[in-house]
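Here is what Swiss-Prot says about this protein:
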- Asp68: active site, proton acceptor (ACT_SITE)
- Asp68, Gly69, Asn142, Asp143, Arg153, Arg170, Asp172, Gln242: NAD(+) binding site (BINDING)
Amino acid sequence: MRRIAVIAKPQKDELASLLPELLAWLHGHGYDPVIDDIAATYTSEARIVPRADLPNENPELVIVLGGDGTLLAAARVFAKTGVPILSVNLGSLGFLTEVPLGDLYRHLEGWAQNCCNIEQRAMLHCELRRDGHQVCEYEALNDVVVSKGAIARMGDFRIDLDGALVAAFRADGVIISTPTGSTAYSLAANGPILAPNVDALIVTPVCPHLLTLRPLVVQGNADLKLKVAGIPDQTYLTVDGQEAIALCVGDEIHCRKSVYTVKLVRLGSTGFFDVLRAKLKWGER
């Protein structure tokens, strides 16, 4: 039987009625739905699997019910599987989760009839190295960020590109983002907007203490190294704004384009700039 995984956002009242309806539709169309532990707080009408274990169920599709944050979490869970994701917007902005709730079943019908398009989004591979040893590694859809905690003191950073020095500087932090992440935190820090199909990465210093240091766009196959030369206490590496690890002086963050991509299900021809105009009011006066 064809299997579909369902991932939900916590504390969304509308899911109490939506999830049973969705599961009934999936059962009625011959699918075997499995739900994550958060979706299980709204219904028990499907088999419950911890979110981290859902890839082991080998679903053909993942349905994400929530906002962009829920999609980012799902993308990391399924990063190495290549399973397409249908993301339904139950959040506020929904820049990535662009499918409105009213179009959910139209998209599912399209999926069942093999009429959907698959849009691939590049991911970022990040490794944290300490004293020459790898501490952890992540795949990110939006970005990885080095940022300070409560103490209002800047950090000292050094960026190398393919082994060559780019700049050494003081700043509140640094954002390294994918083209998808160019419309997230990097944009708020005056970074450029990149179309999702551009083969590039963005390095955006946060409040650098240099008038001449500006965001940098580098080739997609670049090997970026961010060295933490000096930082205040409670400085963290954050992945997609959701996973964090405390940093130490001398830590190195190595970033490059991931070998994995996120596959987003689309029905129709809504373009990136259509979404920019609709969601971010791009070009309006």
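The backbone N, Cα and C atoms fix where each Cβ goes, glycine too.
Positions of the features from Swiss-Prot, shown on the structure.
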| residue | record | contacts (Cβ under 8 Å, 6+ apart) |
| --- | --- | --- |
| Asp68 | active site, proton acceptor | Gly91, Leu93, Gly94, Phe95, Leu96, Thr97 |
| Gly69 | NAD(+) binding site | Lys9, Gly91, Gly241, Gln242 |
| Asn142 | NAD(+) binding site | Leu72, Ser177, Thr178, Thr180, Gly181, Ala184, Tyr185, Asp240, Gly241 |
| Asp143 | NAD(+) binding site | Leu124, Ile175, Ile176, Ser177, Thr178, Gly181, Ala184, Tyr185, Ser186, Asp240, Gly241 |
| Arg153 | NAD(+) binding site | Pro232 |
| Arg170 | NAD(+) binding site | Met154, Gly155, Asp156, Phe157, Pro208, His209, Leu210 |
| Asp172 | NAD(+) binding site | Ser147, Lys148, Met154, Gly155, Val206, Cys207 |
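All protein chains shown were included, and the count of other CB atoms within 10 Å of the CB of Gln242 (NAD(+) binding site) stands at 12. A coil conformation is recorded for Arg153 (NAD(+) binding site) in the three-state DSSP classification, outside any helix or strand.
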